[in-house]
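A.B. asks: Sharing a structure here in structure tokens format.
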Amino acid sequence: MSFDDKKHIRGQVLALKSFKKSRQLNCFSDCSTTVSLAFRRCGANMTLAKQTLELWRGTMKEVGGKFGTGVLSYFKFLKWLLMFNIFSFLVNFGFITIPQLIYHPTPDIPAGVSFKGLEILTGAGYFSHTVMYYGGYSNKTQGTGGRSEYNMQLAYFFTVAAYMVLCGAALIYSMASSFRKKYVLADSGLGGAWQLLCSWDFSVTNEKAVRQRKNNLRIQLKESLSEKVQVALLPLTERLKHYGVFLGTWLLSTGMALGCGASVYFLSSSGSLLEEAATLLLPFVVSLINLVVPLFYSLFKKIEHYSNPRMQVYAIIVRNVILKMSILGILCYYWMKDVANTFSCWESIVGQALYRLVIMDFLFIMLGSFFGEFLSNVIGTKCIQSLGVPEFDVARNVLDLIYAQTLAWIGIYFSPLLPVIQIIKFFILFYLKKVSLTQNCQPPRRAGRAAQMQTIFIAILFFPSFVGALSMVAYTVWTLPPSDKCGPFRGLNTTFSAIQIWMDDLNRVDAFQWTVWIYQHVIRSEIFYFLISLIILVFIYIFRQITQGRQLLITLLRQQIVNVSSGELSGLTCLVHQSCCVRSGCVYVMMLLKCWNNIFS
Amino acid sequence: MGTTASQLRKDLLSEYQELTFLTKQEIILAHKRFSELLSKEDRNVPTPRVPMEKVLSLPELKSNPFRKRICHVFSTSDMKDGSLTFEDFLDLLSAFSDSATLEIKSHYAFRIFDFDDDGTLDGGDLEKLVNCLTGETDDTRLTTEEMRQLISNILEESDIDKDGTVNLSEFQHVISRSPDFVSSFKIVL
């Protein structure tokens, strides 16, 4: 529709509206139209405000124009994680730190401890007595001298719990919508020709980039043609050999991951945690393992022969995730079993260990950027010409981001101000990666399936990363006894008993009996969770049956289109014949209804 | 058009905002860029037209393989020369904007890919499409055999009613299963 037609229609609509207006001199309808117009204008203004306030919009457009949507997805992911951390900082600072600072403005630092420069790296020393860590918060209900009461224990617990719940909800929502849009509705065929043609990136403006993309597209089209022509059946011995190689590499990679985990455990339990400079050794080793072992994994590419290059990427991702999560798992196990029993103010010690891991991870990402991109560029262009300019490895970088965010999520309970460090880290990382990208890398050669990779990354962010962090914090809150000399929960059996005490207090007041009832019969009763799980399972089963029925219906309708267009009058008989072959109950019913309709219409 | 070359009237601005997917800021920016393309005599004409060559000098369109087709599709000129008025230009930006829906984008993508403007994508259109995207010179094109194979693969994938051409509904069906389409069919000034 051309612009003139649109203006014409709009003119007619406005004329109709003003005609109606002149007929009904009704105050109410006049009011309601003004209100709805005001709402629409407000909505438009809000979108405008959102766009102007949007962080890094110009930079992301520039990166997207030159490198395409695959690389851009890394930067969008980084921005999204930054939002999580900003929200966490605001919530923690507002509800936990500010009350603490109001009532105890100066931290009580024991004599003899002063600020040396080493604290920035180790997080111990001067910092360990400030509000940076769990130990710096008092357990008293603040409220002396006429000011209103502020229960620090409840505030701490509910702030952390609310943040985790909101994070979980946001992750589940984005994962589900991403899954629906990009996985289920997407074509499951291997690199179909239409996918390649329709995914031409119109936002690429750089001439050289466009030429390169055309080149890459041609190569990919040729590859997809040869894939279809090739006969896929290999002889049995070849296939057995491939499976043997797969088994070997997977066993080797899992074994390496577990071996690294065990060595980290021995290192942490043998070293002394109290000498400041020596405490940096553990994070250093962890980050070194995270940097070096994935390079080793990428060597396996030369031996394995996956039928589909996408499976190769998935294999690399799964191996890296297993490595990183097993190391983190071993560290969490160590903290919860050994550190919790040995040290007096153990939550602060764990917070400091996490701080060191975060800082060391940051330093190593910078080093990795230097070696991975800058040096590869120099080697590729000057020394070994055949290697060429490196590509930006989106998968590896996104997994680094996920690892960093896991550390931040675990640290929410032990170190409420850790999000500040994370925010600074992500800010610097954005600009660092952007500079490194534009100076050292070339646009990617394969038109990767950026949308599906994004779904996988969000799924990995939810499943091992967030769920792991949540379960660790939940285990700490539920079963571990808090340290009795520092922190807001000192003196209690478990952190959760603070809620129990609060419920007992509420029980004495008549007005809040319903809250106590909900607490006792819903939150603490096992039957409730059992019933909920059962109902959810039944719903899942029903929806799955419906989905299967619909898929069958789609196949039948497609067949019907072909039959109708080729002129066969087989509609009714075809459906009746096929309905006899259908097993699923609801599709059979639908087919019958269609038949009745056709007969009686 | 506005009264002066540098200002857009407020009522026109709100009218454009209602008729397109663009925000106020984007419309103002588009107006500014469009005015830069006008020559001195054209500025005082009530609805100036910018010839196709000048439109193609915009950096966002310069390297686009479909630049000529885009101009032809959005042009309302009687002489079919691909020249654009400001409203055609806004139409273009609106179809390629962030907030345009999938139906709009797939509709315009179909019209852009339909090189002979006959309402369906037949073998000739598909061949021209592939050539646009792979290269113009002889050594960068696909061979005849490969082209034939590729076109038959495409038709097999998307031609549901098996009539040898891809019509709008079939095209939209294929597009709806391609999750990268919406994010890549975008031109932002």
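Each Cβ is built from the backbone N, Cα and C atoms, and glycine gets one as well.
Note: TrEMBL annotation is automatic and uncurated.
TrEMBL feature annotations, pasted as is:
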| type | residues | note |
| --- | --- | --- |
| TRANSMEM | A:80-102 | transmembrane segment |
| TRANSMEM | A:154-173 | transmembrane segment |
| TRANSMEM | A:243-268 | transmembrane segment |
| TRANSMEM | A:280-300 | transmembrane segment |
| TRANSMEM | A:312-336 | transmembrane segment |
| DOMAIN | A:345-451 | domain 'TMC' |
| TRANSMEM | A:407-432 | transmembrane segment |
| TRANSMEM | A:453-478 | transmembrane segment |
| TRANSMEM | A:527-543 | transmembrane segment |
A.B. asks: Which listed stretch (A:80-102, A:154-173, A:243-268) has the most C-beta pairs under 8 A with the transmembrane segment (A:407-432)?
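C.D. replies: By the under-8 Å Cβ criterion, the transmembrane segment (A:407-432) pairs most with A:80-102.
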A.B. asks: Are there residues at least 6 beyond the ends of the transmembrane segment (A:280-300) whose Cβ is under 8 Å from a Cβ of it, and what are they?
C.D. replies: 121-122, 249, 252-253, 256-257, 260, 263-264, 267-268, 271, 316, 319-320, 323-324, 327, 331, 353, 356-357, 359-361, 363-364, 367-368, 396, 400, 403
A.B. asks: Which residues, given as numbers and ranges, are at least 6 beyond the ends of the transmembrane segment (A:80-102) yet have a Cβ under 8 Å from it?
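C.D. replies: That would be 55, 131, 136-138, 142, 150, 152, 155-156, 159, 162-163, 166-167, 170, 401, 405, 408, 412, 416-417, 419-420, 422-423, 426-427, 430.
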A.B. asks: Averaged across the domain 'TMC' (A:345-451), what pLDDT does the model get? Just tell me the whole number, please.
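C.D. replies: Reported value for the domain 'TMC' (A:345-451) is a mean pLDDT of 85.
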A.B. asks: May I ask for the residues of the chain that lie six or more residues beyond the transmembrane segment (A:527-543) and have a Cβ under 8 Å from a Cβ within it?
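C.D. replies: Distal contacts: 521.
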A.B. asks: Can you tell me which parts of the same chain pack against the transmembrane segment (A:453-478), counting only residues 6+ beyond its ends and a CB-CB cutoff under 8 A?
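C.D. replies: That would be 70, 73, 77, 157, 160, 164, 167-168, 171-172, 174-175, 178-179, 182-183, 313-314, 317, 321, 325, 328-329, 332, 336, 394-395, 398-399, 402-403, 405-406, 409-410, 412-413, 494-496.
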A.B. asks: What is the three-state DSSP composition of the domain 'TMC' (A:345-451), stated as helix, strand and coil residue counts?
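C.D. replies: Each residue of the domain 'TMC' (A:345-451) counted once, the result is 84 helix, 2 strand, 21 coil.
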A.B. asks: Excluding the flanking five residues on each side, which residues at least 6 beyond the ends of the transmembrane segment (A:243-268) place their CB within less than 8 Å of a CB in that stretch?
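C.D. replies: For the transmembrane segment (A:243-268), the list is 281-282, 285-286, 289, 293, 296-297, 300, 303-305, 319, 322-323, 326-327, 329-331, 333-334.
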